[in-house]
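First comes the structure, then the notes that go with it.
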Amino acid sequence: MPGPASKRRIPVSQPGMADPHQLFDDTSSAQSRGYRAQQAASGLGYPATSTLPQAAFLADPVSNMAMAYGSSLAAQGKELVDKNIDRFIPVTKLKYYFAVDTVYVGKKLGLLVFPYLHQDWEVQYQQDTPVAPRFDVNAPDLYIPAMAFITYILVAGLALGTQDRFSPDLLGLQASSALAWLALEVVAILLSLYLVTVNTDLTTIDLVAFLGYKYVGMIGGVLMGLLFGKMGYYLVLGWCCVSIFVFMIRTLRLKILAQAAAEGVPVRGARNQLRMYLTMAVAAAQPLLMYWLTFHLVR
């Protein structure tokens, strides 16, 4: 028998050494180690974000320039839109006409109903700029005309409802008719001022404000008609018609006739007579429109 020294010894593979009987190298452990290292680096089991295409794109200076250029174009577009809006819709000027407070509104409503007690009709100026309406009761505003127009439409709907004649179409016709007459008045006055060659600081917004004050009297007339019948309607509307006539005469003569006096136009001259007739025509048109837009609401 062979001795112990003749036994065949099987070589023991050392760690990190390939098996001598293995035909191919085992690379799975190396790949696993590489994947684990990459996983540990990312922290979430995915490759690091620095290798993503989006990160490379954002890091590109060309994309940064494109983003900056797009931002500048957006800013220029916004500035251009603001300029065009202010050109056709003077937002800064409209802020002046809505600069009112509760005290001004109360005084202005009293002036519209009782203009006979008012003495000083001059508009106050500060460094060639008219003061805000809340500081001067003679200054025109758009708050009262706008609120009065909305209230007039609501009161008209109430009057139609009490007579079982309410319908959205009829109420819309009432509102569109009032706006159409207001626009027609403004266009007619502007055309008349151009034909008479009147140089005045009376603007289109001023005309809208002055012509919109008649809705206050229309509201009072319709409400009194609902409460006391036609007798109350005619009494209140008649008072408001006379009041708005006096108010328009005393207001517009400072805008139209005062400028003529400053230009040295003779008081009894032909051109000055035309301006007086124009002022009286505008004032006389207010009571007629007040009656025309309200008489069918009271029965």
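Using the three backbone atoms N, Cα and C, a Cβ is placed for every residue, glycine included.
Residues or ranges marked as compositional bias 'Basic residues' by TrEMBL: 1-10.
Per TrEMBL, the feature region 'Disordered' maps to 1-30.
Taken from TrEMBL, the feature transmembrane segment applies to 142-161 (among others).
Summarising the annotation, TrEMBL assigns transmembrane segment to 173-195 (among others). Only residues 6 or more beyond the boundaries of the transmembrane segment (173-195), in the same chain, are considered here, and those with a CB under 8 A from a CB of the stretch are 149, 152-153, 156, 202, 204, 207-208, 211-212, 215, 256, 278, 281-282, 285, 289, 292-293.
Sequence annotations record features per position, and here TrEMBL assigns transmembrane segment to 207-227 (among others).
The transmembrane segment annotation in TrEMBL covers 233-253 (among others).
Away from its own ends, the transmembrane segment (274-293) comes close to residues 174, 177-178, 181, 185, 189, 192-193, 196, 198, 211, 214, 217-218, 221, 237, 240-242, 244-245, 248-249, 252-253, 256-257, 260 of its chain (Cβ-Cβ under 8 Å, at least six residues beyond either end). The transmembrane segment feature in TrEMBL is assigned to 274-293 (among others).
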Cβ contacts under 8 Å made by the transmembrane segment (207-227) with residues that lie 6+ beyond its boundaries:
97, 109, 112-113, 140-142, 144-146, 148-149, 151-152, 155-156, 158-159, 162, 178, 182, 185-186, 189-190, 233, 235-237, 240-241, 243-244, 247-248, 251-252, 286, 289-290, 293-294, 297-298
